[in-house]
Amino acid sequence: MSSKGSVVLAYSGGLDTSCILVWLKEQGYDVIAYLANIGQKEDFEEARKKALKLGAKKVFIEDVSKEFVEEFIWPAVQSSALYEDRYLLGTSLARPCIARKQVEIAQREGAKYVSHGATGKGNDQVRFELTCYSLAPQIKVIAPWRMPEFYNRFKGRNDLMEYAKQHGIPIPVTPKSPWSMDENLMHISYEAGILENPKNQAPPGLYTKTQDPAKAPNTPDVLEIEFKKGVPVKVTNVKDGTTHSTSLDLFMYLNEVAGKHGVGRIDIVENRFIGMKSRGIYETPAGTILYHAHLDIEAFTMDREVRKIKQGLGLKFAELVYTGFWHSPECEFVRHCIDKSQERVEGKVQVSVFKGQVYILGRESPLSLYNEELVSMNVQGDYEPIDATGFININSLRLKEYHRLQSKVTAK
């Protein structure tokens, strides 16, 4: 059978994408396997050997950890991005980073197709494909879990296991956890399986990035985090003097400290873009510390009215990232606006990391809008208390008029 052309498969080395690799070959494609090193615990060389053994024409292992931190996580920190008030977007931010490199490989190798193992019910299919179509409008996407000839043949894990046995695909010898996991440098997510019942508590052995807060050390770690233009540039452990100032080292160190103290666990039900609710359990250790520290230095240095506008932009940014529109013109516009808002967000924040919590201890900044003399209860400063009388009178006028009308309506 003549080849239908080359396809770059986002390959993890797991059962699903290993079966997809062989299935794509069955369909007549030359498969190029692509593994993104985005900070997950993975034996990449073993995965390379496995992909080649299964018939991949080429295998690319690309380390995108540094660009993930600097080009995706840092903008999220600047924006204080939270989806539905709780989710720090660990998976959502990783997908455009992974897909961008996939497109680069496809263009470099002259491949007309890309493929992924995302399910037809989730958000990731949208995130991967919107990135691909944005960066390479002519690319063609093969999404097996949306193709009847695939999902009618493989109706569950047992079907995949049987297919693997038939085609010599190595099957994991360790028992599979009764839930699915997805890990990157920023977080790890747990979904599906026994977690689909939202009433079920997370089993004690589920968490892998963070210590049980009840078993965490009995003394806190105190960290000083320095920001410039809203981006963390240095972290110092006040207790032992440990310092990190490169993006990747800084982030990994915060993961280590936060994980040791059980910081960054959430268990939520969220609204998927596709329209259904899903239950997810997430661990985001470093991201949680940075969220709190950045929020504090921002409030210390940013004008009140600018911050109100920026908060709205942060909500929009979170929504766009979650729904896969990283490369949209509106997301580009929002990122530029947030960048502008961060020009004065500079200074140091001290935090205590202890028993699952992040406590702000203090802050300082050369660009602070905080005026100690002006706000002091002991010094009058450049402020006349009598001026507050007129301020209150003017602001009460609207309320007086509203309640005057309400009195008339009530009297009828």
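Note that Cβ sites are derived from N, Cα and C of the backbone, with glycine treated the same way.
Here is what Swiss-Prot says about this protein:
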BINDING   10-18, Ala36, 115-123  ATP binding site
MOD_RES   Tyr87  phosphotyrosine
BINDING   Tyr87, Ser92, Asn123, Arg127, Ser180, Ser189, Glu270, Tyr282  L-citrulline binding site
MOD_RES   Lys112  N6-acetyllysine
MOD_RES   Tyr113  phosphotyrosine
BINDING   Thr119, Asn123, Asp124  L-aspartate binding site
MOD_RES   Lys165  N6-acetyllysine
MOD_RES   Lys176  N6-acetyllysine
MOD_RES   Ser177  phosphoserine
MOD_RES   Ser180  phosphoserine
MOD_RES   Thr219  phosphothreonine
Fewest Cβ neighbours within 10 Å, where candidates are the binding-site residues Ser92, Thr119: Thr119
Cβ neighbours within the same chain of Asp124 (L-aspartate binding site) - under 8 Å, at least six residues apart: Thr91, Arg95, His116, Ala118
Length of the line joining the Cα atoms of Ser177 (phosphoserine) and Ser189 (L-citrulline binding site), in Å: 13
Separation of alpha carbons, Ser92 (L-citrulline binding site) and Gly13 (ATP binding site) (Å): 21
Number of other Cβ atoms within 10 Å of the Cβ of Ser180 (L-citrulline binding site) across all protein chains: 15
Residue, out of the binding-site residues Asp16, Glu270, whose Cβ gathers the largest set of other Cβ atoms within 10 Å: Asp16
Shell of the L-aspartate site beyond Thr119, Asn123, Asp124, same chain only (C-beta within 8 angstroms of their C-beta centre): Ala118, Lys121, Gly122, Gln125, Val126, Arg127, Arg272
Ser177 (phosphoserine) CB neighbourhood, other CB atoms within 10 A: 14
Candidates Ser92, Ser180, Ser189 (binding-site residues) - the one closest to Asp16 (ATP binding site) by CA: Ser180
Which of Gly13, Gly120, the listed binding-site residues, has fewest other Cβ atoms within 10 Å: Gly120
Greatest C-beta neighbour count within 10 angstroms, which of the binding-site residues Ala10, Ala36: Ala36
Number of Cβ atoms other than its own within 10 Å, given for Arg127 (L-citrulline binding site): 27
Neighbourhood of Thr219 (phosphothreonine) by C-beta distance under 8 A, where only residues 6 or more apart in the same chain count: Phe354
Cα-Cα distance linking Asn123 (ATP binding site) and Ser189 (L-citrulline binding site), given in Å to the nearest integer: 13
